[in-house]
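Below is one structure, written out as C-alpha cells, with a few remarks after it.
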Protein chains: 2
Amino acid sequence: MTESLHPALLPNGLSDGLPPRAEREADTVDHLMTFVRGHGYRRVKPPLIEFEDGLLGGAGAALGRDTFRVMDPVSQRMMGVRPDFTVQIGRIATTRLRREPRPLRLCYAGQVLRVRGTQLRPERQFTQAGAELIGADGPAAEAEVIVLAAEALAAAGVTSATIDLNLPTLLDVLFDAHGVAADDRPGLRAAVDHKDVAAVRERADPALGACLVALIGATGPAAEALAEIAAVALPSEAAARVAALADLAARIEAAHPGLTLTVDVLEGRGFEYYTGVGFSVFAPGARGELARGGRYRAGPPEMGEPAVGFTLMMDAVLDAVPEAVPAPRVLAPAGHDRALAQRLRDDGWVVLSALDAAADPTAEAVRLGCGYVLGGGGPEAVG
Amino acid sequence: MTESLHPALLPNGLSDGLPPRAEREADTVDHLMTFVRGHGYRRVKPPLIEFEDGLLGGAGAALGRDTFRVMDPVSQRMMGVRPDFTVQIGRIATTRLRREPRPLRLCYAGQVLRVRGTQLRPERQFTQAGAELIGADGPAAEAEVIVLAAEALAAAGVTSATIDLNLPTLLDVLFDAHGVAADDRPGLRAAVDHKDVAAVRERADPALGACLVALIGATGPAAEALAEIAAVALPSEAAARVAALADLAARIEAAHPGLTLTVDVLEGRGFEYYTGVGFSVFAPGARGELARGGRYRAGPPEMGEPAVGFTLMMDAVLDAVPEAVPAPRVLAPAGHDRALAQRLRDDGWVVLSALDAAADPTAEAVRLGCGYVLGGGGPEAVG
C-alpha cells in the first residue's frame, strides 16, 4: 500500500509553469532564437534521451552524477536524460553535420533535467537556450559569441547586462609554471575560489602567492582590472593568456561600445568544461547568472573541434526581462462576426467566444476577465 | 567492459532534429500557439517528469506501459516521464487553476516520451501541441475546439485538412441496449474495429448485427453518412448520441463553411480516453493523423470536470506544412557596418559575420552557402 499523495503535489524542484510566466518564457525563447538565427545560427533539436556513453563521455562526464538514467528496453543499454545541451550539440556538429562548412553555427532551446537541485537553485528542470560556433579558433569567434549573447539578451529586453570574463585554465598554467605538486593543487584552488588571501599565502610559495593575491585583487570593470593585471609579474604562458583576454575585451568593446565588461581572471567554479576564455552574464533583478559560456572542445575526444558558445538559463533571464503588457481581451457573444474577430486576433487582441448564447455578454466578459465585448463595429469597453 | 558505440548512434526511435526541419518545427509550433492564444487559450508548461501516481492515475492509466519511470532520489518515490500532456493539463486545471473562471482555456507545446514505438511509428519522442477547454459541457464547446484545430492548422499552412468525427462510446451504448455480455464484448469490438462484417454478423444477435453492419457502412462525407445513419433503427440512447453528433456537425459547418467533415461513428481505436465525441484530423502528404481530440473528463476522478481538447502530432503536421522559403544569407566581411547588418536581420535576412579578415569575401560567401556579400550599400549577389 502506498500512501496516496495530493494530486497537486509535484516532486521537489519540479513545478508547473502557469500563465503569464509560461507564455513569457515561450515568447522570450522565441525572440532569442529569432535573434541568433539572424546571425546565421541554425536550429538543431537533439533528443531528450540518448545512450549515456555519448551523453556523459568526454566533456559530459562532469554532469554524470546529475543525470537521470533509464534502461532502454529495446537495446538493453542505459540511456540518460540530458542534463545539458552542449555535449549533444557537439555530437551533432562532429558527426551528422561533419561535412557542413566551418565555422558551423548552431542554436537550440529546450528542457534539461538534473537529478538534484542545489541549495541556491532547488530546480531540477531548466529551460536552456544557446548558440555554439564550432570549428573556429581565435578571438574573432569568441568576440562574436560574447557580443551575440549580450545583444540577444538586449533584444529580448535585458538592457543592463554585465559580462564577466575569466580564464578558467589560468590557475593550472600558474601551477605548472611554479611547479605546484598535484596533491597541493585542490587546496590552493579552493583557497583561490574563496578569495581567501591568507590561505593562499600560507599554501603557495611566496612568488606564486604574491601573483595570486595580486590577481585576486585585480577584479572589476575590465579596463581597470586589465591594467592592474598587466602590472603583475606573470610567467610567459600566463602573460600570453592575459594578453589574449585583453585583446578579446578590446574586440568586444569595438563591436559593441558601451557593453559593461568586468574581469575576474581566476574565477573558475563551474567552468571545468572550458579550455580557454569563459564568461558569465549577470543582470539586476536576476537570481544567479543569465548565461554562461566560453571556449571548449566540441564532440567526442577523437573527433573534437574548437568551439565557443553560450547557454542561457531561462529562469534567470525571465527574472531580468520586463513583464509584457497583457493583450486586451474581448468576449465575442454567440453568433458574432467571425471574420471581424479573426481580424482583431491578427492585430494582437485575444478574442474569446461565448459558449452560452443566453448569458449576458457584459457580465460574462467581467467574469472571464475581458475588458471588452465584441459589438458589430468592434470591441466595446465594459464597466 | 562495454562494447563502445559509434558516437553518432542514437537509440532506436530517437533522432536529431536538423536544419531546416528543426527550424520549421519550432516556427510551426510557434504559429499554432500564437493562433490558439488569440482565442483565449493560455499557455501552461507542466514539468517533464512527475510522480507516476498523478501521471498515470485515472485517465492516464492507459499509457502506463508506455511510460519511462525513474526513481526520485529526493522523495524515494517513482516518477514518470510524461507520455502525453492531457493528464497534466487536467491536473493543473483542477488543482492549481481551480479558482479560475470556467470555461478555462489552456494550451501547451513540448516533448513527450514513450518507452516503445509502434511498427508504423517507431519514434519514441514526439513534439505535441494542443489546446483544452475545461469546465464546459455541450456542443458549443466541442464545435469551438474542432474548428479551432482546423483553423490553427490552416493558419500554419495546412489548407486541405479533413476532420473525421466519431463516437467512441457508441459501441458500449449499443452493447448495453442489446444486453451483450461482458465476455462477448472484446471479440465483437475487434470485429467492428476491423470492419469485419462477416464476423460481426456471426458474433452479434441479428438485430444488433444489422444495426452494426449498417453503421459500419455509413461512413464518409458527413452529410451523406449522417443521412444514412439517421435511417438506421437505433435504441433511444444511441439515437440521442447520433443526433447530438449531427447537431455538432451542423455547428461546425455554420462556424466554418467548407471545412471537410467525415463521419465514422464506430471508429474507436485509441479513443479509450474519451467520454463523448472524438475526432481525428488528416491531410494529404501526412503519415497518420495530424491531430486527435474529443470530449473527456479532466483531472483526477474525485475532482474531475467536463473537458474537450485536441493534441497535434507535430511530426505529421510538418509532413503537411509546405516547406518554408529559406531566408537569404549574406556574408558580412570583417569590419562591416554592424548597424546596417542588424537592419537587414530585422528585415528577415540572415547575416553571417566573417571571422577571418584576410579571406576573400566572395569565395567565403560561396563556401558558406551565402548568396550575397554585404557591401557598403547593402547585399551584393555573388557569382
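Each Cβ is built from the backbone N, Cα and C atoms, and glycine gets one as well.
Looking at A:1-21, A:22-42, A:85-105, the range annotated in TrEMBL as region 'Disordered' turns out to be A:1-21. Between the candidates A:Arg114, A:Arg116, A:Arg287, TrEMBL assigns the L-histidine site shared with A:Asp84, A:Phe85, A:Thr86, A:Gln128, A:Glu132, A:Arg269, A:Tyr273, A:Tyr274 to A:Arg114. Counting every protein chain shown, 23 other Cβ atoms lie within 10 Å of the Cβ of A:Thr86 (L-histidine binding site). A:Tyr274 (L-histidine binding site) has a Cβ environment of 22 other Cβ atoms inside 10 Å. In the predicted structure, the domain 'Aminoacyl-transfer RNA synthetases class-II family profile' (A:32-272) carries a mean pLDDT of 94. Neighbour counts of Cβ atoms within 10 Å were taken for the binding-site residues A:Asp84, A:Gln128, A:Arg269; the minimum is at A:Arg269.
A:Thr86 (L-histidine binding site) falls within a helix when secondary structure is assigned with DSSP.
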